[in-house]
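K.L.:
What follows is a single structure, and I will ask about it in a moment.
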Amino acid sequence: MRVILLGAPGAGKGTQARFITERFGIPQISTGDMLRAAVKAGSPLGLKVKGVMDSGGLVSDDIIIDLIRERIAQPDCARGFLFDGFPRTIPQAEALRDAGVSIDHVLEIAVDDEEIVSRMAGRRVHAASGRVYHDLHNPPKVAGKDDETGEDLIQREDDKEETVRHRLALYHSQTKPLVDFYQRLAATTGTPRYTRVEGIGSVSEITARVQAALA
């Protein structure tokens, strides 16, 4: 099973990625992890990546595609793989296709923006312990205070509404064309399949939808 997983920040993609990788016995591949591993391994491609990163440049799509081809040739990808965070753009999707990397399924975890803002902007954290609360879904016993220590809770920068909305706008501007690309591909060639899974509900309900989509 070769899967591309799409979903906005806060859509619950990480939870479903874990389910998919465990269910199908496939690795989760992210470009960030792949770049770091290549640099650490010191392969010819890794040295090229290191040179680009050390000079403050952006690693080109060509290099990333080469890394992907190298990565998916490894034994743990024999049964497939899950791409998380790649491709992000149409040129990357086209380069992936042109490189002969076949994909079985593109899965989008879809959640309304206002729901994501509510999920993320309502989070509060106890900095010292990492305990996480939510104003609506898991409130502390005393508003703004950690249950165990009574210390103040904070809101992380990433969880502030303005930041969340900015990240969502960026995601939509990048991903909407990608969604259209894969929907057209599915309609005209039948592969990869494209499924939009509703990401609202309990974790078990969403997981059941994902499982049904990939069946």
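Cβ atoms are placed via backbone N, Cα and C, with glycine included.
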K.L.:
Please identify which of R2, R23, R123, R184 is recorded by Swiss-Prot as part of the ATP site containing G10, A11, G12, K13, G14, T15, V132, Y133, G201.
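P.N.:
As annotated by Swiss-Prot, G10, A11, G12, K13, G14, T15, V132, Y133, G201 share the ATP site with R123, chosen from R2, R23, R123, R184.
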K.L.:
Looking at 30-59, 60-89, which stretch does Swiss-Prot describe as region 'NMP'?
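P.N.:
So the range that Swiss-Prot calls region 'NMP' is 30-59.
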K.L.:
I'm trying to understand the geometry here, so how far is the Cα atom of F86 (AMP binding site) from the Cα atom of Y133 (ATP binding site), in Å to the nearest whole number?
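P.N.:
Each residue's Cα considered, F86 (AMP binding site) and Y133 (ATP binding site) end up 31 Å apart.
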K.L.:
In the structure shown, with every protein chain counted, which of the binding-site residues R88, R123, R156 has the densest set of Cβ atoms within 10 angstroms of its Cβ?
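P.N.:
Max Cβ neighbours within 10 Å, all protein chains included: R123.
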K.L.:
In Å, how large is the greatest distance between any two Cα atoms among G10, A11, G12, K13, G14, T15, R123, V132, Y133, G201, the listed binders of ATP?
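P.N.:
Max Cα-Cα spread across the ATP binders: 20 Å.
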K.L.:
Here are some binding-site residues: G10, G14, G57. Which one has the most Cβ atoms within 10 Å of its Cβ?
P.N.:
G10
K.L.:
Within the chain of T31 (AMP binding site), which residues six or more apart in sequence place their C-beta under 8 angstroms from its C-beta?
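P.N.:
Those within reach of T31 (AMP binding site), by Cβ under 8 Å and sequence separation of 6 or more, are I64, L67, G85, F86.
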K.L.:
When DSSP states are grouped into helix, strand and coil, how many residues of the region 'LID' (122-159) land in each?
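P.N.:
Per DSSP, the residues of the region 'LID' (122-159) fall into 3 helix, 10 strand, 25 coil.
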